[in-house]
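S.K.: Swiss-Prot lists 45-356 with the feature domain 'AB hydrolase-1'. The active site, nucleophile annotation in Swiss-Prot covers Ser151. For Arg221, Asp351, the entry in Swiss-Prot reads substrate binding site. Annotation comment: Swiss-Prot describes Asp317, His350 as active site, evidence class sequence analysis. Positions annotated as site 'Important for acyl-CoA specificity' by Swiss-Prot, on the basis of sequence analysis: Arg319.
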Amino acid sequence: MVTLGHVTAQQMSFSDALPLRSGAALRDYTLVYETYGTLNADRSNAVLVCHALNASHHVAGTYADSDRSEGWWDNLIGPGKPLDTNRFFVIGVNNPGSCFGSTGPTHPNPATGRPYGADFPVVTVEDWVDAQARLLDGLGIERLAAVIGGSLGGMQALSWTLRHPARVGHALIIASAPNLSAQNIAFNEVARRAIITDPDFHAGHFYAHGVVPKRGLRVARMIGHITYLSDDSMEAKFGRALRSAELAYSTQEIEFQIESYLRYQGDKFSEYFDANTYLLITRALDYFDPAREFGGNLSAALAVARAKFLVVSFTTDWRFSPLRSREIVKALLDNRRDVSYAEIAAPHGHDAFLLDDPRYHGVLRAYFERVAQELPR
């Protein structure tokens, strides 16, 4: 299948302060983004891709300096792929507070000239959506043909239909939920605590000390990675396989292949991800709850939505189970909204939304065909 080839990141800077849900404001900020495909004459074929916790604006294609830098959803987006860049103008944007180029904790605080660190304001899903809307304003795009996201990205897609209902034609919400369960909040808290209690964290101002709280980041990633996989997929990939033929009878050495894998994932993550960003994004996950202002009534919260919806879940995803997706579907049906639902039998757990499953991609391809057919001709 034809690929996008080399792509280039772009930037857009904003001097007008972005009001945040916390009551604070983000001033003089920059958003990094990428686009794929061509915006049509009436600017009606734009699709926004919202990223999850440790992803970025680099959704598809590769960079010229590294053919190994494939975008995180490259199997989905490109010429002839389910989200076909021959038909759609696709936008990926890095959210404020992240660590992949948009203004975040590693950037200078205009008030001090030093990195924000822990002083970066707390951001929410709603704040990200408002920042994305400003980016679209700058690109001259009044309305999206569709917005799509998986996991935390799905929460952003849902939020788009509530905060800017007139600007969204279709919303594709994949492997997501209307809010986090207590168990998910607990996982996030344990991961944050691992980072905060790392001696190299220095209350979030570790940049000035020339260190990185890698121990905490490693543990946080190991915890998170376990939740992204299903028991079946871990058993199939690792089982009880040992690293060597004989047991070492040690409490500290690596004995099992799954231990080695988790440590590898933790080591890799700690080399590129920012600790303060991890705290910010997991807290944004915790805070997302559109029904909160409606006494917990999700149907009432979604009444303002005008988009058409596709909701997708995966049978072995225990972090955001199919039950959570069905909550969204029911609330939309309560409001007589146009919603399609697909529950994909897949063994891969939460990470299934990132993989090239033929049934899953078949559903997305068919739905984007519908979106394309509704574009002005």
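Just so you know, glycine gets a Cβ as well, placed from its N, Cα and C.
Here the structure is a predicted model, which means the values were calculated and not measured.
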S.K.: For Arg319 (site 'Important for acyl-CoA specificity') and His350 (active site), what Cα-Cα distance in Å is obtained after rounding to a whole number?
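M.R.: About 6 Å separates the two Cα atoms.
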S.K.: Could you state the whole-number distance in Å separating the C-alpha atoms of Asp317 (active site) and Arg221 (substrate binding site)?
M.R.: 18
S.K.: Ten-angstrom check, please: count other Cβ atoms within 10 Å of the Cβ of Asp317 (active site), all chains counted.
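M.R.: 28, counting other Cβ atoms within 10 Å of Asp317 (active site).
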S.K.: Once near-sequence residues are set aside, which residues in the chain of Ser151 (active site, nucleophile), 6 or more away, have Cβ atoms under 8 Å from its Cβ?
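M.R.: For Ser151 (active site, nucleophile), the qualifying residues are Ala52, Leu53, Ile174, Ala175, Ser176, Phe320, His350, Phe353.
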S.K.: Long-range same-chain neighbours of Asp351 (substrate binding site), Cβ under 8 Å, sequence gap at least 6?
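M.R.: Counting only residues 6 or more apart in sequence, the Cβ neighbours of Asp351 (substrate binding site) under 8 Å are Tyr228, Leu229.
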S.K.: For Arg221 (substrate binding site), which residues of its chain lie six or more apart in sequence with Cβ-Cβ distance below 8 Å?
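M.R.: For Arg221 (substrate binding site), the qualifying residues are Gln265, Gly266, Phe269, Ser270, Phe273.
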